[in-house]
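If you check TrEMBL, you get these features:
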| type | residues | note |
| --- | --- | --- |
| DOMAIN | 79-216 | domain 'Peptidase S54 rhomboid' |
| TRANSMEM | 12-34 | transmembrane segment |
| TRANSMEM | 87-105 | transmembrane segment |
| TRANSMEM | 117-137 | transmembrane segment |
| TRANSMEM | 143-162 | transmembrane segment |
| TRANSMEM | 174-192 | transmembrane segment |
| TRANSMEM | 198-217 | transmembrane segment |
Amino acid sequence: MRMYDPDHNASPVNPIPPVVMALVALVVAVELLFQAGARGLVGGPEAVGWRLEALRNFGFFSRYFDYMVQSGDWRIDGLWRFVTYSFIHYNLTHTLFAAVLLLALGNFTARLFHPAAILLAYAVSAVSGALVHALVIDSEAPLFGAYPAVYGLLGLYTWALWAAADKLGTNPYAAFRLIGVLVGIQVIFILIDGTWASLWSEIAGFVAGFLIATPLAPGGLRRLRRKLQGG
């Protein structure tokens, strides 16, 4: 894993890695298209329903997944939903929260992991969130939003803190503080509106990100071995 190397000639503002900007831009661009359509700025009268149409075509539905499993019909418009759902959100606020978290966590993790690793972790975490949604949620309601994938990047970041704890002289369990805070906040909102469905997908995304961090991190397997040996 790369360590911090001070460069006194460097800009005081770190540029956002392109891979992170690309993901955030895609999330925001999709929402801006929905907003423009809903206001009649593009697409004509039918554009008002673009969000619902996108959910039907790109959201992840547990029962559609069940159909594919039972029929063995793994059609492309079912497979892409494992990732495409992460670019569709409920409204502008839902999108902005996701974009801010993606920007922050992506910015942290992209300085420790290769850009391709960020993309892979995003996709694997999104897929893991969808699979858990299919397994635990029996509903017509779709899974949508970037949060399972964002929690996957949080898993990468948590792994980095956990793996470096001994070297930094910090408590390794403190690395899990942020996920604890986020889940705690999520539970509060769940108790208000009574919807648990997305939480399991987000936890699955976090676990997937944490587990995949070892093979993705530079020297990750060596660091894990040393960590487990107490070195």
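Counting begins at 1 with the first residue displayed.
Here the Cβ of each residue, glycine as well, is placed from N, Cα and C on the backbone.
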Proximity of the transmembrane segment (87-105) to the transmembrane segment (174-192), 3+ C-beta pairs under 8 angstroms: no
Outside the transmembrane segment (12-34), six or more residues from its ends: residues with CB under 8 Å to it: 42, 50-51, 54, 86-89, 92, 95, 98-99, 102-103, 106-107, 110-111, 115, 118-119, 122, 146
Cβ contacts under 8 Å made by the transmembrane segment (117-137) with residues that lie 6+ beyond its boundaries: 17, 19-20, 23, 60, 62, 65-66, 81-83, 85-86, 106, 109-110, 143, 146-149, 151-153, 155-156, 197, 200-209, 212-213, 216-217
Counts of helix, strand and coil residues, the domain 'Peptidase S54 rhomboid' (79-216), according to DSSP: 112 helix, 1 strand, 25 coil
Local confidence of the prediction over the domain 'Peptidase S54 rhomboid' (79-216), expressed as mean pLDDT: 90
